[in-house]
Amino acid sequence: MANTPHGGVLKDLFARDLPRQSELEAEAQKLPALTLSERHLCDLELILNGGFSPLEGFLTEKDYNGVVENNRLADGALFSMPINLDVNQAEIDQLGLKAGARVTLRDFRDDRNLAILTVEDIYRPDKVNEAKKVFGSDDDTHPGVKYLFDTAKEFYVGGKLEAINRLEHYDFLDLRFTPSELRAHFNKLGWQKVVAFQTRNPMHRAHRELTVRAARSQQANVLIQPVVGLTKPGDIDHFTRVRVYKALLPRYPNGMAALALLPLAMRMGGPREALWHAIIRKNHGATHFIVGRDHAGPGKNKQGKDHYGPYDAQVLVQEHQEELGIKMVEFQAMIYLPDSDEYLPINEIPEGTRTLNISGTELRHRLRTGKDIPEWFSYPEVVKVLREENPLPAEKGFTVFMTGYQNSGKDQIARALQATLNQGGGRPVSMLLGENVRHELSPELGFTRKDRDLNIQRIAFVASELTKAGAAVIAAPIAPFEDARKAARDLVEKSGPFFLVHVATPLEYCEKTDRKGVYAAARNGEIKNFTGVDDPYEAPAKPDLVVDLEKQNVRSIVHQIVLLLESNGLLDRL
């Protein structure tokens, strides 16, 4: 039998409000609407389906203060993470938000009405206090703190919700269970005791050994419930991770484990988050919850130390275990013993015993370089999934971004580089020349700084998508401003390698060899906002390569670029 929900009753607002769905939908069409962010949507889904029971809406000021200060709602119920709907003054004014007002909450992805919020109060939070009390610090290297300070808006709106529509998902539908559905699934399987395992990372043999040990220690089954909402920036995408979990599942003893996805927006809140995770798993029917080393920890702070102690989360959950109503299963790091081919918790290993380990950094290096990942660390079927999503450098897309004055030679270099890369084969080559982009992507833009920056932003977006798809991209705009170039690098590097090449041909040479007469026209005032004449050019501070067509020929410059690409493992051969 599944565990009792937190607070005694599962607050499944979808089930509660289903008889009134048509009525609520009709009302929602007439109300002002607030479009929710991705994080809001994650929170909303788990409020509406009962995953955040006993919550029935976003926190009012009384509830918020209780949670921040004491891990408790205003009625005394244990709850450790503030669930807030943040808005700005413009939204308050535009939507007429005030106590008693009703507002539709809308999905930004498909413009569907999801719920109606009845506003109870609007309040301005003390964000510094929230950061220190909830996350233990106001250090913005913590992603939860950074979000709070940089993204969360000025005011919070509290109030109860009425459910209209479920959020639409189009991936892994067979693994998406509401708390009610998962409880029914456990009952169908006849599971009496369920140990839940939280993860935001791929699982390897150590995780399998840990969860099997936990289940056997409690004579229970295992629920692998990975987060597929928002996790730590830089984490492996959930599509890859879920394929890993599915590949791993057959390695469990027959009938021991089940896999279900959790659409949670993590805060990386360490001890507080562990308590919150336990409440969520209790609502999903689990009777036990694994809390391991540095649970939901965000990594290092500004001093280079971990934000939380390795077992702080276990201490906090243990303090509230009796009231919490879900049993914590403590586990330390699992270490491999090659002489006996087994994993043991680090505190059970005799001193002097030979051990082996592969760090996360080393694993990423082996994936990048194609080096062997031994079976004692991870199963072949798991490694296969990870290698599919981590192609070798020679199989990846990349962007070569050239910047320089008009007539500096960028276009000639770009065309020659395109021919050279096409000769080598292995990936498609796309070219984004300044004039072509202006004609095809940005015909309405002028040459003000704002328009120039927008043009570079568009080039960067196209380059990032092509790079993600495995193409070699050669971009050659003037790109005169450092901030826009940095933004382009930041965007493209999310998809693959980015190389900034400064074509530093002197302005005098560019003007002297100008056969089109554009410099002369600019000097005569016929062309305005012309880079190098009446508009500035900011030389790159940290280019990956500097070339000069006055001193070099196109062939030698292309060879330099090819050598740069080859040294980064992006070309099989010269």
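Keep in mind that glycine also has a Cβ here, set from the backbone N, Cα and C atoms.
Residues or ranges marked as sulfate binding site by Swiss-Prot on the basis of sequence analysis: GLN198, ARG200, ALA296. All protein chains included, ARG200 (sulfate binding site) registers 20 other Cβ atoms within 10 Å of its own Cβ. ARG200 (sulfate binding site) carries neither a helix nor a strand DSSP state and counts as coil.
Annotated ATP binding site per Swiss-Prot: GLN198, THR199, ARG200, ASN201, GLY292, ARG293, ASP294, HIS295, MET334, in sequence order.
Annotation source Swiss-Prot lists 3'-phosphoadenylyl sulfate binding site at GLU435, ASN436, VAL437, ARG438, ARG452, ILE478, ALA479, LYS516, citing sequence analysis. Secondary structure from DSSP puts ARG438 (3'-phosphoadenylyl sulfate binding site) in a helix.
The region 'N-terminal' annotation in Swiss-Prot covers 1-170, and the record cites sequence analysis as its basis.
Per Swiss-Prot, region 'Catalytic' is recorded for 171-395.
In the predicted structure, the region 'Allosteric regulation domain' (396-574) carries a mean pLDDT of 93. Look at Swiss-Prot and you will find 396-574 tagged as region 'Allosteric regulation domain', backed by sequence analysis.
Sequence-distant neighbours of HIS204 (site 'Transition state stabilizer') (same chain, six or more apart, CB under 8 Å from its CB) are PHE377, SER378, TYR379, VAL382, listed in sequence order. As annotated by Swiss-Prot, site 'Transition state stabilizer' applies to HIS204 (among others).
Look at Swiss-Prot and you will find HIS207 (among others) tagged as site 'Transition state stabilizer'. In sequence order, PHE197, THR199, LEU248, MET334 make up the list of same-chain residues 6 or more apart from HIS207 (site 'Transition state stabilizer') whose Cβ falls under 8 Å from its Cβ.
DSSP classifies PHE331 (site 'Induces change in substrate recognition on ATP binding') as coil under the three-state reduction. For PHE331 (site 'Induces change in substrate recognition on ATP binding'), other Cβ atoms within 10 Å of its Cβ number 21. Among the features that Swiss-Prot reports, site 'Induces change in substrate recognition on ATP binding' is placed at PHE331.
On the backbone, the CA of ARG452 (3'-phosphoadenylyl sulfate binding site) and the CA of ASP294 (ATP binding site) stand 46 Å apart.
Neighbours of ALA479 (3'-phosphoadenylyl sulfate binding site) among the recorded positions ARG200, ASP294, PHE331, defined as a Cα within 10 Å of its Cα, are absent: none qualifies. Rounded to the nearest whole angstrom, the C-alpha distance between VAL437 (3'-phosphoadenylyl sulfate binding site) and ARG200 (sulfate binding site) is 40.
Checked against ALA296 (sulfate binding site), the recorded positions PHE331, GLU435, ASN436, ARG438, LYS516 differ in C-alpha distance, with PHE331 being the nearest.
Here the C-alpha separation of ARG438 (3'-phosphoadenylyl sulfate binding site) and GLN198 (sulfate binding site) works out to 49 Å.
The two recorded residues GLY292 (ATP binding site) and ARG200 (sulfate binding site) have their Cα atoms spaced 13 Å from each other.
Nearest neighbour of ASN436 (3'-phosphoadenylyl sulfate binding site) by Cα distance, taken over the binding-site residues GLN198, ARG200, ASP294: ARG200. Ranking the binding-site residues GLN198, ASN436 by other CB atoms within 10 A of the CB puts ASN436 at the bottom.
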